[in-house]
């Protein structure tokens, strides 16, 4: 349990606080509408469906306040910089912004479903009450009209009106339909299979959030849920509820008056909407700034390397940028981790061909004349990630899968520069680097950097500073035979490095045991850029191999999230 707290304690606390606020809001507003006197007559017609409609609305307001904040990239980068003095655990929460965004979205979806079903039932009760299918009191309440002496309670104003007519002819009804449809499209297009196979569908439907928020702000203006207002003399429902025939005829029972509640949703969401608007303005400003190509290289395995220059651009290790190519799409921005080091006078990205957008970009570049500038490009960023903290640990464990090695290219390059300049600020004393690839060609573009580092460490007598292991997870029989023939050579036949390539997947228990044995009292930062299945495995091992005693080895798990 203690090991779990080390890696997940603050995340769990954040989740508990968030869920606690949701539960509090639901319970508070449920009992408010279920017990308070001003809703007595409304409850008489609608029953428990009134509280079941209003309680989810309060939870929706809270979560709609939160939903935009995790995707304000510049705000998160600002907060990450502000928390540099507050410890890695606080900053680690910012790296889980997309996970939190999804949790909030699930809550919005659930509460929207409950809210919608409850209001559909309410419309049915209103209709039946208007048609005098219930008791005398319900009929009397539904018959109230806007007059000098009273106001209506039932939004269905005639016997012939249907709930469908009310839904499509009232502000609350029309906006409710619009925001529900928008939400359904947003959530369904966010499914993993659609997002990975049809990213453009996900991207464009996600921008329906503009319609969703516009409808949400207007929705409450319909004031479809009405409560009893104070009259002079007061209408005492305890005395008058059994005397509807005497309403307006005796002093004790004036005609009850009702009014819709003041719209409150806009007060919940106006702040985040302004923040997000500022975010988009800043992105537009960056969109207009000129980006120049320094170098364009097509690497093996259809990996495109772009070396770019932009005025005033400053980065840290492991950060990422969003790239837009207007000739492909004016609206699509895609995240790419930078592979350059902060010490270099340019920034670079490596782009693998996956999906329509990347395929079009690589195809455009392949058709360029030699030495020509690439297509017009806009760059937004840089933005912080977990990898920024790699030098805060005395021991770092870096795990990359496929193109997921890109953030570690930046880190390893920066280390090379720091050693070259004898930087005294380098706190890290040991790095373990693991790279898992399916194809041998994928190693080629990165092997040059490892060869330079390998030579640099040996020349400085620090051969033990960097331990790296490359794992080839896919190969055929002809490759195996070639490796066996050249096995006794000093350098690996795949990479040209002294460290031989491993075949198959790592035995993570053996790797963690080795790191624990070599660093018994260290704090080890474990960084992953790779698939979710590998993340679960590594996080589990970080928990298992962390010692409860804070003076002994601790593993802190960090994952890149886009």
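Each Cβ is built from the backbone N, Cα and C atoms, and glycine gets one as well.
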Problem - Which range of 226-245, 246-265, 266-285 is transmembrane segment, per TrEMBL - result: 266-285
Problem - TrEMBL annotation (transmembrane segment) - matching range among 201-222, 289-310 - result: 201-222
Fill in the blank from the handout: Whole-number mean pLDDT, the domain 'FAD-binding FR-type' (283-389), equals 86
Handout entry: Beyond the flanks of the transmembrane segment (266-285) by 6 or more, those residues with Cβ under 8 Å of it
Key = 61-62, 64-69, 71-75, 213, 216-217, 220, 322, 333, 380
Practice task
Write out how many residues of the domain 'FAD-binding FR-type' (283-389) are helix, how many strand and how many coil, based on DSSP.
Solution key: 24 helix, 39 strand, 44 coil
Practice task
State, in range form, which of 12-31, 51-79, 165-189, 201-222 has the highest count of Cβ pairs under 8 Å to the transmembrane segment (100-121).
Solution key: 51-79
Fill in the blank from the handout: Same-chain residues at least 6 beyond the ends of the transmembrane segment (51-79) with CB under 8 Å of its CB atoms are 18, 21-22, 25-34, 43, 94, 97-98, 100-101, 104-105, 107-108, 111-112, 114-115, 118-119, 122, 209, 213, 216, 225, 264-265, 268-269, 271-273, 275-276, 279, 282-283, 322, 380-384
Completion exercise
Spatial neighbours of the transmembrane segment (165-189) not adjacent in sequence (6+ beyond its ends, CB under 8 Å) are 105, 108-109, 112, 116, 119, 123, 126, 155-156, 195, 201-202, 205-206, 208-209, 211-212, 215-216, 218-224
